[in-house]
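Q: Encoded as structure tokens, here's the structure I'll be asking about.
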Amino acid sequence: MASTVLIVSASLLALFFFLHSADADVGSNVFSIQSYGAHGDGRHDDTKALGDTWAAACSSAKPAVLLIPKGKKYLIKHTTLSGPCKSSISLMVKGSLVASPERSDWSKETIRHWILISGVTGLTVTGGGTIDGNGKIWWQNSCKTNSKLPCTEAPTALTFYSCKNLKVEYLKVVNSQQIQISVEDCTDVMVSRLSITAPETAPNTDGIHITRSRDVEVTDCMIKTGDDCMSIEDGTENLHVKNMVCGPGHGISIGSLGDHNSEAHVNNVTVDNVRLYGTTNGARIKTWQGGKGSAKNIVFQNMVMDNVWNPIIIDQNYCDSSTPCKQQKSAVEVSNVLFKNIRGTSASEEAIMLHCSSSVPCHGITLENVNLTVKGGIDLKHEHPWTLEDVEK
Ligand SMILES: *[C@@H]1O[C@H](CO)[C@@H](O)[C@H](O)[C@H]1NC(C)=O
Ligand SMILES: *[C@@H]1O[C@H](CO)[C@@H](O)[C@H](O)[C@H]1NC(C)=O
């Protein structure tokens, strides 16, 4: 009995020291949004308070923490948080940031972004809280939902532009207006432990979008969304994706590359240990005719698919256009692609589609240990049974 008490009090002591030292560590360098006039009630506009807190934290000479406190909800309109900052900075989201539900809060100039973080070196975004794009009004007004409406742009919930040494971890990102997280022109990026969710019917809500970025790691994320779980676009180099759960959604996609006769390059991408549930695609590479450049040194391995429409697909004749795409002479070269240890079920009879270009045919494509059977049923369940823990085993 006595020894039990001792153990309990010893661990309480340890906990106390841990909290205490953590406090002492950050100490005066915590910049709480509450100290900059925020309401935190989810009704009043806290955009200015967020901007002011960022300005203070970003000009701190010592490593700074911008705190979004737990239990509070901050209504935020379009905002840009820019660097460079004087020191490293953590955006600690413990509570929630919620986007304004008014489309009129965005102008033609700002419509592509909700929260844009630009030009910061040594940024960590973490805290276990929620980033809520409040996207319903945007989905309802999308031409993909209602074909009578004109097609317009919508904000990406969280954009990282031109950041170096970036970490994004332990967050819930929900109901983005359009793309959920976009990493653009960044280097040395770690994205991990995110839960990303939007309804299957929410148009263009790609989970994690990566472009013009190098040395990127994405691990341990759970993505349920209305478009690609991950879209890997032009200019991605050295990307390692590991331990992911995806579905519903459109799967993990490299591309589309080479639209409007553009040049695109994707090099050295590994996608490892992924489960896909009821997605339209599994491992996909898609390029338009008429493009230039290359997608090469790509590995998709250790994947489990459950009722996926196109489990393995390379499409060099991709055409997402209202008018048919004409035959063209040039194409993005697709080479050195390995699909290895892929098993599970296909919802369609064509589990593997290699739709290569007739002018620049894909080459160096290897399929190794692939076992896919037809499930024969389109009755997709909307909740997948896996947790991240299943993947980590
Ligand atoms: C490919 O990318 C990985 C990171 O995903 C990196 O460790 C490796 O060095 C890269 N290979 C080459 C040849 O650049
Ligand atoms: C392929 O998977 C099916 C279904 O899981 C299984 O019954 C079969 O034995 C597997 N084939 C090989 C060659 O592993």
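Just so it is clear, glycine is given a Cβ too, placed from its N, Cα and C backbone atoms.
In TrEMBL, annotation is done automatically, which means it is predicted and not curated.
OK, TrEMBL features for this one:
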- 1-24: signal peptide (SIGNAL)
- HIS250: active site (ACT_SITE)
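Quick one: how deep are these features, and who are their neighbours?
A: The secondary structure of HIS250 (active site), as reduced to three states from DSSP, is coil rather than helix or strand. Around the Cβ of HIS250 (active site), 26 further Cβ atoms fall within 10 Å across all displayed protein chains.
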